[in-house]
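**Q** Annotations for this protein, taken from Swiss-Prot, read as follows:
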type	residues	note
DISULFID	CYS40-CYS112	disulfide bond
DISULFID	CYS53-CYS64	disulfide bond
DISULFID	CYS59-CYS111	disulfide bond
DOMAIN	25-126	domain 'Ig-like V-type'
MOD_RES	SER358	phosphoserine
TRANSMEM	315-335	transmembrane segment
Amino acid sequence: MSKEPLILWLMIEFWWLYLTPVTSETVVTEVLGHRVTLPCLYSSWSHNSNSMCWGKDQCPYSGCKEALIRTDGMRVTSRKSAKYRLQGTIPRGDVSLTILNPSESDSGVYCCRIEVPGWFNDVKINVRLNLQRASTTTHRTATTTTRRTTTTSPTTTRQMTTTPAALPTTVVTTPDLTTGTPLQMTTIAVFTTANTCLSLTPSTLPEEATGLLTPEPSKEGPILTAESETVLPSDSWSSVESTSADTVLLTSKESKVWDLPSTSHVSMWKTSDSVSSPQPGASDTAVPEQNKTTKTGQMDGIPMSMKNEMPISQLLMIIAPSLGFVLFALFVAFLLRGKLMETYCSQKHTRLDYIGDSKNVLNDVQHGREDEDGLFTL
């Protein structure tokens, strides 16, 4: 193959590459009358070797068609109209075009051409601008009517009537003080609680709501007479709850007997309650009267040594476990002593064996030296 056709083919290829633009296209959509910015950036910008221009329509093979604005790498050198501006930093490669107050005639394709030294090195960026009219939006206002309805509810008054609870009654009886036999003291407690809840209409207090206190007579001996009288408030003893419409009576009776010597202190309490019934139509809670308590005085001539006596059964229950614990501790100590003695003896035997082995080794060494001395003598 001759050189001339080869050179011709290379020239055609280079010319085709030159005519083929290296371009990219960006679409920008904005509203008429608003400022528009067409982006164009070049990161490798050099103010000594680069320049650029903006033109209308597609980028041609060289230069800009209908040039709108032109720079020399540092500043704007020429512009077609005052509404075309470069508001970016040109030395840093930001040569984006800003169009102020665009009209419908400004729609179309724009060319950003950055001139780079060398063949076929220019950067071509095509930007398509679409301008639209501002859309009108109709706002509908919804009217809301609010009606307030006021409802008056009937007012009802509930009358609550409570009955005081009966206080616990303790009766202590003792026999004649001149006798030497131990006294028998019996305590009888009667506790009665009544709770009532009346209807909406006022009514009188039902008969079942009255606490009944009935002390049981003692069979152990006569009752001592009262020597002093003390009046206590009823609030410290009674607790009333209004939770149900029925009457609940809770009566508990417990009795416990203590054995005391003939010279022990004797006291007797006797309590009595009185209940006041509410009048019809009253809405307040009936207030119970104050309780009366009668307490007998203390008797003299009681030795303090009799109070500290303890039953033999309780002493045995304390002594027996203590004695068992001591015996168990002695047994454990005996077992541990046997194990310690066994360990000590085994260690001592091991030490004696070790000493015997050491002596045998020393004897063997001495015999070996004597044999060597005999050989040297010979």
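Each Cβ is built from the backbone N, Cα and C atoms, and glycine gets one as well.
Describe each of these features in terms of where it is and what it packs against.
**A** Every protein chain shown contributes to the tally, and the Cβ of CYS112 (disulfide bond) ends up with 26 other Cβ atoms within 10 Å. In three-state terms derived from DSSP, CYS112 (disulfide bond) belongs to an extended strand segment.
Applying an 8 A CB threshold to same-chain residues 6+ apart, the list for CYS64 (disulfide bond) reads CYS53, TRP54, GLY55, ARG70, CYS111, ARG113.
All chains included, 25 other C-beta atoms sit within 10 angstroms of the C-beta of CYS111 (disulfide bond).
Taking DSSP states H, G and I as helix and E and B as strand, the domain 'Ig-like V-type' (25-126) has 6 helix, 44 strand, 52 coil.
Distant neighbours of the transmembrane segment (315-335): none; no residue of the same chain at least 6 beyond its ends has a Cβ under 8 Å from one of its Cβ atoms.
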**Q** Please report how many Å separate the Cα atom of CYS59 (disulfide bond) from that of CYS40 (disulfide bond), as a whole number.
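**A** That comes out at 14 Å between the alpha carbons.
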**Q** Sequence gap of 6 or more, C-beta under 8 Å: which same-chain residues meet both conditions with respect to CYS40 (disulfide bond)?
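**A** Long-range Cβ contacts: MET52, TRP54, VAL95, SER96, LEU97, CYS112, ILE114, ILE125, VAL127.
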**Q** Compute the average pLDDT of the predicted model within the domain 'Ig-like V-type' (25-126).
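**A** That region's mean pLDDT is 90.
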